[in-house]
Amino acid sequence: MTGSPLPPATRTEALSRLARFLPHAGRDYAARRNHDLPGHPHVSGLSPFLRHRLLTEAEVLEAVLGRHSLQAAEKFVQEVVWRTYWKGWLELRPAVWSDYRDGLDRALSDGRMADRLAAAEAGATGIDGFDAWIAELVETGYLHNHARMWLASIWIFTLRLPWEAGADFFLRHLLDGDPASNTLSWRWVAGLQTPGKHYLARADNIARYTDGRFSPKGLFTDAAPLSGPPHPPRGPVPGGDTPAPGMRTGILLTEEDLAPGFLLPLPGPAPVGHAVLLSAAGRSPRPVAEGVLGFTAAAARDAADRWADRLGPRGPVADDPAAVVDWAVAEGIDQIVTPYAPVGPAATALARLDRRLSREGIRLVRVLRDYDRTAWPHATHGFFRFKERIPEIVAGLQAER
Ligand SMILES: Cc1cc2nc3c(=O)[nH]c(=O)nc-3n(C[C@H](O)[C@H](O)[C@H](O)COP(=O)(O)OP(=O)(O)OC[C@H]3O[C@@H](n4cnc5c(N)ncnc54)[C@H](O)[C@@H]3O)c2cc1C
């Protein structure tokens with residue numbers, strides 16, 4: 001491959017990855033998905049696209065279940081649904097995200113570990129595998145799931161670095177960097193998500209699933225799980241808003257959901273225009289990788305271009321809510337309709353926007369998708385209970401179209 005190691009941030013690329021992967025989504029995936037081999041031949045590589053909903057979970061599940069039985073594709077369906085579960089779990093307990101950000105601030109201000117943190121982030125630890133995964137992540141914006149687990153485990157239990165700093169490093173470099181999947185997966189490796197159960201990377205497992213490419217020495221394999229406060233109590237399930245009929249309406253896209261078709265038709269006149277509010281820079285208090293910022297902005301432009309004829313003229317593509325307010329005022333917009341953004345920087349940016357819009361008497365309407373509405377309320381306990389709901393989630397897919 002020549003040129004940029006980052007994939008094009010387009011729906012066309014997502015669809016071609018899906019088409020290539022479809023024949024392998026059944027028993028092949030179940031048998032070989034844990035092997036981390038160059039080029040990642042046994043997994044879909046769809047996460048950067050699912051992350052921004054250039055392709056939706058519903059579309060991927062429908063395509064896979066159009067080709068394989070639920071039984072044959074059970075493993076793959078479960079993985080896609082893990083993403084949904086993490087989203088729902090965090091949505092019911094948003095304090096876990098703010099606690100993570102507080103913990104990150106504390107970790108970054110602790111000067112005693114600055115040198116060790118810098119060495120880990122530079123991939124200069126001398127640990128076989130670890131340094132290569134850091135380099136791969138920085139260069140390509142992607143890591144195989146097993147490499148993410150090994151890296152996170154070595155970060156926490158062998159290098160003894162704060163898990164929040166590792167989660168932040170991932171969020172700043174992963175094209176699929178996601179507040180729910182990332183934070184909760186790091187917590188799971190650490191033993192905080194399922195209290196008392198942690199994931200310890202072992203050299204023999206790494207050698208086996210990397211085809212002998214890596215076999216690190218000196219991993220700390222009998223560390224105790226981290227401990228932390230109990231999970232915060234569950235909050236209410238979000239219901240989302242409903243657009244009011246007969247108003248001058250603008251559409252707003254965010255990086256959380258670049259498939260605005262479910263917002264249409266509006267209950268009234270067609271949209272007077274659309275804008276994009278970017279928020280990827282808010283993933284971290286530290287600078288987010290250029291590749292991530294570029295991918296996210298390009299993904300948003302791809303969606304806005306494809307939907308331009310149905311969303312009306314293009315307004316600002318900005319990371320400053322003030323630009324969206326100015327546009328809405330200039331266009332005489334009464335309400336801005338946007339996909340509901342789950343916990344994370346986009347939701348924070350929308351909350352800021354909402355405060356400014358309400359000063360101008362403009363309503364911000366956050367519409368929840370049926371897929372999320374169906375699934376999230378079930379993220380009350382562990383994944384094993386959640387996955388019992390897969391038939392119900394899958395049955396609702398037709399209705400989503
Ligand atoms: C420490 C750690 C951090 C992670 N951070 C992120 C993150 O920021 N964003 C992210 O999307 N995933 C994250 N994951 C989950 C998982 O590693 C990636 O979703 C997966 O590797 C993406 O590659 P793929 O698309 O080829 O996956 P496939 O195996 O082809 O799976 C298909 C889709 O299912 C979903 N999926 C698969 N595995 C998981 C999983 N374990 N948890 C949640 N969803 C899953 C993804 O949307 C993925 O695109 C993390 C896992 C770990 C252990």
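The backbone N, Cα and C atoms fix where each Cβ goes, glycine too.
Please treat TrEMBL annotations as automatic predictions, because they have not gone through curation.
Straight from TrEMBL, the features:
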- Tyr29, Phe76, Asp176, Gly177, Asp178: FAD binding site (BINDING)
- 76-206: domain 'Cryptochrome/DNA photolyase FAD-binding' (DOMAIN)
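Sequence features annotated in TrEMBL and their locations in the structure.
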residue : record           : Cβ contacts under 8 Å, 6 or more apart
Tyr29   : FAD binding site : His42, Val43, Ala73, Lys75, Phe76
Asp176  : FAD binding site : Ser47, Pro48, Leu50, Arg51, Gly141, Tyr142
Gly177  : FAD binding site : Arg51, Phe170, Leu171, Arg283, Val292
Asp178  : FAD binding site : Arg51, Arg83, Trp86, Gly344
Checklist entry - Using DSSP, how many residues in the domain 'Cryptochrome/DNA photolyase FAD-binding' (76-206) fall into helix, strand and coil? => result 94 helix, 0 strand, 37 coil
Checklist entry - Cβ under 6 Å from ligand 1: which of the binding-site residues Tyr29, Asp176, Gly177, Asp178 qualify? => result Asp176, Gly177, Asp178
Checklist entry - Where does Tyr29 (FAD binding site) sit in the DSSP three-state scheme? => result helix
Next on the checklist: Restricting to the record's FAD-binding residues (Tyr29, Phe76, Asp176, Gly177, Asp178), give me the longest CA-CA distance in Å as a whole number.
Outcome noted: 23
Next on the checklist: Limited to the domain 'Cryptochrome/DNA photolyase FAD-binding' (76-206), I'd like the whole-number average of pLDDT.
Outcome noted: 97
Next on the checklist: I'd like the number of other C-beta atoms within 10 A of the C-beta of Phe76 (FAD binding site), please.
Outcome noted: 24
